[in-house]
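**Q** Quick one: the structure is below, and I'll ask about it shortly.
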Amino acid sequence: MDSAFEGGELVLATHNKGKVREFEAMFQPRGVTIRSAADLGLAEPEETGSTFEANAILKAEAAMVATGLPALADDSGLAVAGLDGAPGIYSARWAGPGGDFNMAIARVFRELEGRYGSFAAAPKEAAFIAVLALAWPDGRTLTFPGVVDGRIVEAPRGEGGFGYDPIFIPLGHTQTFGQMSAADKHKISHRRRAIDAMVKALFAES
Ligand SMILES: O=c1nc[nH]c2c1ncn2[C@H]1C[C@H](O)[C@@H](COP(=O)(O)OP(=O)(O)OP(=O)(O)O)O1
Ligand SMILES: [Mg+2]
């Protein structure tokens with residue numbers, strides 16, 4: 001990690017403060033300094049892609065072109081099995097322009113109840129998905145996926161994390177991402193898995 005970004009900076013092509021916090025925590029031990037697109041005053045590109053991968057590429061390349069620096073983007077979301085994978089790439093958009101995740105979470109429950117009659121009758125399986133895109137100034141762009149399987153719970157639990165964290169329990173655990181410490185979430189999250197895939201591919205470490 002250190003060598004590839006040596007003497008340079010990595011732009012994190014995001015306007016999401018929760019993501020910035022998580023990437024900083026995960027990159028700091030490696031000595032990589034991150035500057036977010038929001039801090040640099042970069043425009044937020046419209047996410048016109050129909051896949052996580054397409055949107056991650058579009059965000060990374062926009063930030064790389066605007067700065068001339070290598071740029072890393074994350075496109076991510078919650079895929080609920082009982083809703084055929086929704087909200088998926090629309091996870092941020094379900095929270096509206098104000099980023100109201102109480103509203104987004106309420107919509108998850110409303111749509112499950114609409115389809116299955118009650119939350120109790122609905123399948124609970126869900127997954128958090130992240131695709132990272134790393135755009136280099138020489139025009140190469142690489143992508144790395146990460147997934148964590150789990151289930152959703154009806155009553156939000158915990159104040160930690162961001163977004164849909166209070167309703168998601170990863171497989172093999174009893175606490176939601178909202179209840180876990182940041183360090184514990186970062187050990188197993190979709191974002192951690194995507195970063196591990198990136199580090200492994202770029203630097204042949206694990
Ligand atoms: O670990 C997570 N814990 C909880 N919720 C999460 C997580 N990861 C993604 N999510 C949800 C909320 C987020 O708003 C949306 C991503 O949408 P996405 O377009 O990739 O990000 P965004 O619009 O918030 O920021 P940006 O595009 O500037 O990176 O999925
Ligand atoms: Mg977005």
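Glycine is treated like the rest: Cβ placed from N, Cα and C.
Please treat TrEMBL annotations as automatic predictions, because they have not gone through curation.
Here's the feature list from TrEMBL:
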- Thr14, His15, Asn16, Lys17, Gly18, Lys19, Ser76, Phe162, Gly163, Tyr164, Asp165, Lys185, His190, Arg191: substrate binding site (BINDING)
- Glu46, Asp75: Mg(2+) binding site (BINDING)
- Asp75: active site, proton acceptor (ACT_SITE)
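I'd like these features described in context: how deep, what's nearby, how far apart.
**A** Annotation for Gly163 (substrate binding site): spatial neighbours Gly18, Leu78, Ser91, Ala92, Ala95, Phe101, Ala104, criterion Cβ-Cβ under 8 Å with sequence separation of six or more.
Around the Cβ of Asp75 (Mg(2+) binding site), the number of neighbouring Cβ atoms within 10 Å comes to 27.
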**Q** Please check the binding-site residues Gly18, Glu46, Asp165 against ligand 1 and give me the ones with CB under 6 A, sequence order.
**A** Asp165
**Q** How many angstrom lie between the most widely spaced Cα atoms of the substrate binders Thr14, His15, Asn16, Lys17, Gly18, Lys19, Ser76, Phe162, Gly163, Tyr164, Asp165, Lys185, His190, Arg191?
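**A** Output for substrate binders Thr14, His15, Asn16, Lys17, Gly18, Lys19, Ser76, Phe162, Gly163, Tyr164, Asp165, Lys185, His190, Arg191: max Cα distance 21 Å.
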**Q** Looking only at Glu46, Asp165, which of these binding-site residues has the biggest number of Cβ atoms within 10 Å around its Cβ?
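**A** The largest 10 Å Cβ neighbour count belongs to Asp165.
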**Q** Sorry to bug you, but what's the C-alpha spacing from His190 (substrate binding site) to Glu46 (Mg(2+) binding site), rounded to the closest Å?
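**A** On Cα coordinates alone, these residues lie 23 Å apart.
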**Q** Quick one: what's DSSP say for Gly18 (substrate binding site), helix, strand or coil?
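**A** It is helical.
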**Q** Tell me which residues of the chain lie with their Cβ under 8 angstroms from that of Asn16 (substrate binding site), as long as they are six or more apart in sequence?
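**A** Those within reach of Asn16 (substrate binding site), by Cβ under 8 Å and sequence separation of 6 or more, are Ala92, Phe162.
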